[in-house]
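As written in TrEMBL, here are the features:
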ACT_SITE  A:CYS333  active site, phosphocysteine intermediate
BINDING   A:ASN270, A:ILE271, A:CYS333, A:SER334, A:ASP335, A:GLY336, A:TRP337, A:ASP338, A:ARG339  substrate binding site
COMPBIAS  A:552-570  compositional bias 'Basic and acidic residues'
DOMAIN    A:125-497  domain 'Myotubularin phosphatase'
DOMAIN    A:302-346  domain 'Tyrosine specific protein phosphatases'
REGION    A:539-588  region 'Disordered'
Amino acid sequence: MEHIRTPKVEQVKLLDRFSNKSVIGTLHLTATHLIFVESNSTSAQEIWILHHHIASMEKLSLTTSGCPLLIQCRNFRLVHFVIPRERDCHDIYSSLLRLLRPVSYDELYAFSYNPKQNDQQREEGWQLIDLAAEFERMGVPCDQWQLTDVNREYKRLPPNICIGLVKSVLPHLLCFYNVLQGGKCLYLFVSCLQAAVCRCSQPLSGFSARCLEDEHMLQAISKANHNSRYIYVMDTRPKLNALANRAAGKGYENEDNYSNIRFQFVGIENIHVMRGSLQKLLEVVGTRSLSMTDYLVGLENSGWLRHIKAIMDAAIFLAKAVTVEGASVLVHCSDGWDRTAQVCALGSLLMDPYYRTIKGFMVLIEKDWISFGHKFADRCDQLDPDQKEVSPIFTQFLECVWQLTEQFPQAFEFSEWFLIQIHEHVHSCQFGNFLGNSQRQREVLQLKERTYSLWAHLLSEKQNYMNPVYSPSFAESHPVLEPSTQACHFKFWRNMYHQYDRSMHPRQSILKQVLTFKESNRELEGTVQALKTKLQKFGVSTSPLKPQTPPRDQEAREDAPASTDGERTVEGSSATENGYGELTGSFGSKNEPAVVTLEFGVARMTC
Amino acid sequence: MEFAELIKTPRVDGVVLRRPFMPTVEGTLCLTGHHLILSSRQDNTEELWLLHANIDSTEKRFVGSLGTIIVKCKDLRVIQLDIPGMEECLNIASSIEALSTLDSVSLMYPFFYRPLFEVIEDGWQSFVPEESFKDLESMTDEWRLSEVNKDFSVCPSYPSLLTVPRDIDDESLCKAASFRHGGRFPVLSYYHKKNGMVIMRAAQPLTGTNGRRCKEDEKLINATLCAGKRGYIIDTRTIAVAQQAKARGGGFEQEANYPQWRRIHKAIERSNVLQDSLIKLVEACNDQSHSMDRWLSKLEASNWQSNVKEILTTACLAAQCIDREGASVLVHGTEGTDSTLQVTSLAQIILDPACRTIRGFEVLIEREWLQAGHPFQQRCAQSAYSNGKLRSEAPVFLLFLDCVWQILRQFPCSFQFNENLLIMLFEHAYASQFGTFLGNCVAERGKLQLSQKTVSLWSWVNRPQELERFLNPLYEPNNLVIWPSVAPQSLLLWEGVFLRWNRSTKCLDEAYQEMVHIIEYNKELQNKVNSLRRQLAQLETEDKMVADLK
């Protein structure tokens, strides 16, 4: 609190990003949030911005109406305040500057956040997603593969956990392997074809170095799979990058030294290119009165969708190698925690329907991203930022999943709101899951004792993230997803990158509407049951209602069904807000107060 | 002329049909006067029935004696026919070529088509101008129905009955007509119930280089303004294009002569540019190269999405003038048969909830497109695969449908119809068994005797069996004005039309069915609850009566 110089500033103007609209309100600064409360009592919009979400701030030059302060958030919110007095603006600015640069992990919101749960609830929350149970689901360990705790002390390797397996007869098996040499850390997916997906970092080959143990290791993996005589080695980097790494004593596998490998470059760019790409994208879509030409040219120049497609292509290659050829695949990039995580996680999602459920998706993230040491703290700029380490690697993964949900609307148990909410909390530092860079660091921080788990929070709100048209039987007909990779099927994810720009969204949401219907169906089924029970008391036998979906909740409800018509408000819809054109001069435009109802799950702030 | 003369080889066996995302079919190819038919002669295999009129262009290739004809259709589908035998292939190709480019309208399929369904409601009689005028009359007495164009002599492209200000006599109308391109003097397009403001449409005024003026024209449009009120003239051309038009005798309204009107220029593209845009867009969509940069740059270069944005923006502007500024609007471009109609009809969809029902939308198309004289036959003669020999083809109507789809996407619960209706209209505008879209204006349709000799599309669409396919399960009447977003991020590529044949829609269709299913189940449950409640209430009353008696 000692950093807050001005806790409250009145008469602050909030400018809309894309139109000429503005509202007046009061700005509050707390230890965790920056809060804007609109003065207009009828609409009284509130904006809560978590300090951790602020990516950058800019004080623009003084204008007649005050001092403008531009705040860009990591969840793609951009707010433009005009503070009447320069001094207040400076105070807010410098207070925030200190608040959004926490020096130690202890300062992160997760350590002060308390959802009013006791210790037992907290513990239960952390146990919801259990990797040990996940191995059990996959039938590991078994006669062919065993777990190893060689990395128990996190000493031998970059901080990762490690478990080794070699073969399983069970379908859809995911596991970890660890070799001592070359910093390899393997992770296996063994399908019913007994093919395995392994992950590691680049070999320290340089121009000529060899490591016999490493070569034997690969051979062992290859031999464990009787279906295929060869093993694919996917280097997810562009060839040029891999070659450049050679000079630093790293590099890629030499096909002459490894027997029966098929080496393949995939060409996903590195974290710096991705960071630049997102920056360009946001710059383009943040332009006011953007023309269609500038938008499409900007989209192309940013390269963003090209990168998304490259990741998807790599994951499809992986899935095909395993499911069609029955071959094992070893995936690596440079460090093995960025591109490798993207490709392995997405590949698993394509191959195993379990990961397309809400819980399965949490397991996938926990396993492929968190436990394998994706450097969330660095990539998401949690602490003491080195801007060169920041990169939207995880965001890209979420977007790839979204692209899949667009092509396969029935394959996923969750909707895009789930993905957006996860994205929100990866950056919020409100829950412990994503803090730190590695498993070791998380243990040191005692996250499980001192913070809460996001997964418990999300599961408690599961209803909001459901995909109403999800069909569990889809998994049976499509165990492996085969998305189209034609460029025209990749779309700009407006609901992510413009999640706070309500004026760009459809004014009525099909998703929300169908969810309401689904919820209403559940309640009505209960009502029917209750009415039948009552009728039976009168000795009337009723014909059983054939539920087309199995009733999940048999709890009798007496009350009338909630309004099934749902909300059909046309939200935030006004002509002036859309800025169609230039009606000026003697014909002044009238502004109409637009009621902006923040749609649940999209623009909601948990606090 | 006998069609048989054009058919050199009526039947070929062993033809293989290849279509993307569908299994190949081998069977017998038959050519009739109006159809290309492929049948496998097996019960369960799908047959191909393709109207010759639907064929946009063909290409032939030979490998040895195996000939291949690639048929590109106006609905954007591309199919491949492998025909054994060079002579057969050449004969088939030349027959298709001849049959798909018949010049005479009266040889078109609608004149030969006999419906297999009973016509319950004749679509030719469904939309009578007198009917809609009655509605108008109940709201205001400032307008009248004029028969000045009874014999189509004042304006050949207008219908015989027109709604004009009550105070303007027919003589003035004739004078105003002589001052407007093609005789298209300002007429009523839409009356906004809420505030009595109107949209009018016309063609450009013929001011020429020496600034001609016409008192009657000025009086005519001023008659629509209330005392002290001002209005907007939306010229769909840029000021530069409008200036150039002066040299050819056209022009725009001078401020000095129309002091009560403020002119706004927008930049909606002209027909040949639009056709080019469509050709480029479809080429981009059919590109199988899988390169993201190539796709985006081709999509951009086609300019299609820019056109959608510009048209929608102009329509929103017109609607904004009416609803927000409380000012009347006159819309025109050059001829008043293309961009003008896009703007006036889209503005009505934004403003008037009635246009968002199926019936209302049909009325809108009938009134603002067919009766208003959009030259369908010229514009839709060729589609995206046309090569070279273009006359006046342009996807003006398709762009309008695309814009409607954009609004539908943004307000998915506010329309009684779904995307299928829009796609169906696109198909039938280009090739159809129905006579509705034949001819270029009311006068031509009268001469062709379409209402006697052909079946109306509406007779078919309005059958309950067909309507079901076009209903939007999410529809909930919404009486508000709906303001769509025109930000580029909010406008999408209309995949249902442009990627329709380049993707497998099975997953999307099934998801849609599931949504329909959830909503239907909800209705069913509601009914069930209501009937159980009634039953219970009855029993309880009876019970109480028994208790009371005791």
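Positions of Cβ are set from backbone N, Cα and C atoms, glycine also.
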Quick note, A:CYS333 (active site, phosphocysteine intermediate) and A:ASN270 (substrate binding site): C-alpha atoms separated, nearest Å, by 9
Using a Cβ cut-off under 8 Å and a sequence separation of 6 or more, which residues in the same chain sit near A:ASN270 (substrate binding site)?
A:ARG237, A:ASN241, A:SER334, A:ASP338, A:ARG339
Give the residue from the recorded positions A:CYS333, A:ASP335, A:ARG339 that has the most other Cβ atoms within 10 Å of its Cβ, counting over every protein chain displayed.
A:ARG339
Cβ-Cβ distance under 8 Å to A:TRP337 (substrate binding site), same chain, at least six residues away:
A:SER201, A:PHE372, A:GLY373, A:HIS374, A:LYS375
On the Cα atoms of A:ASN270, A:ILE271, A:CYS333, A:SER334, A:ASP335, A:GLY336, A:TRP337, A:ASP338, A:ARG339, which are listed as binding substrate, what is the maximum pairwise distance in Å?
12
For the domain 'Tyrosine specific protein phosphatases' (A:302-346), report the average pLDDT of the model, please.
91
Under a three-state reading of DSSP, tell me whether A:CYS333 (active site, phosphocysteine intermediate) is helix, strand or coil.
coil
Other than A:ASN270, A:ILE271, A:CYS333, A:SER334, A:ASP335, A:GLY336, A:TRP337, A:ASP338, A:ARG339 themselves, what residues in this chain have Cβ atoms within 8 Å of the centroid of the substrate site's Cβ atoms?
A:SER201, A:THR236, A:ARG237, A:THR340, A:ALA341
How many of the residues that make up the domain 'Tyrosine specific protein phosphatases' (A:302-346) does DSSP mark as helix, as strand and as coil?
29 helix, 5 strand, 11 coil
